[in-house]
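Annotated features, as they stand in Swiss-Prot:
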SIGNAL    1-23  signal peptide
TOPO_DOM  24-149  topological domain 'Extracellular'
REGION    42-76  region 'Disordered'
COMPBIAS  48-62  compositional bias 'Acidic residues'
REGION    89-138  region 'Disordered'
COMPBIAS  105-121  compositional bias 'Basic and acidic residues'
TOPO_DOM  175-202  topological domain 'Cytoplasmic'
C-alpha cells in the first residue's frame, strides 16, 4: 500500500503538472507559393522562415492597433448581383454532339472502310509441323475407352478397389471370430490396487 501512495502523487505530477509539449515549440506546416519560386525570389534553398512568410503582402488586418476598435474609414464594398440563366442539369446528350464522327450508311462506304485480314496461303504452313498442337480430344477417336491412359487408370483403380474391399471383409470376419471365442474378458482385474483406508487411533 505504501508504494502505491508514493507513486500516485508522482504520477499525477508527471502527467498533469507538466504539459507534454509546450505550445511555442509546435510549428505549423508552412505553405510555399509556387509562384514565388518561379519568380526567383528565393535562391539556392533560401526559403522563407515563419517570420518572413507574408512579409511581402501585408493585409489590412495587420494595421490595427489591437485594442479591438476597428477603423470605419473604409467604404463598404457592394457587388452587383449577377443572375445567371438557369441551365438544366441532366445527362441528356444531343444527337449531333460530334458532327465529325458518323456511321456510314451506304454500302459503298462500308466496303471502303472494311478491314480484311491477310490470309496465309495453305501450302506454306504444311511444311512446318512444329507449330501445330494436336488436341488430345480431337486427335484420337471419340470413344474415351480407346485411349491407353484411360484404360490403364481404370484397371489400376479397379484392382485397388477390389483389394480394399477384400481387406475390409477379412477384418470384419476376424473381429467376429475373436468375439465368438470369448477373448474379450469382461471380468478383468484392475491394474492398480486401492490402498487400505484403516484408521489408527493413538
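Glycine is treated like the rest: Cβ placed from N, Cα and C.
Here the topological domain 'Cytoplasmic' (175-202) has a mean pLDDT of 73 out of 100.
Residue counts of the compositional bias 'Basic and acidic residues' (105-121) by helix, strand and coil are 7 helix, 0 strand, 10 coil (DSSP-based).
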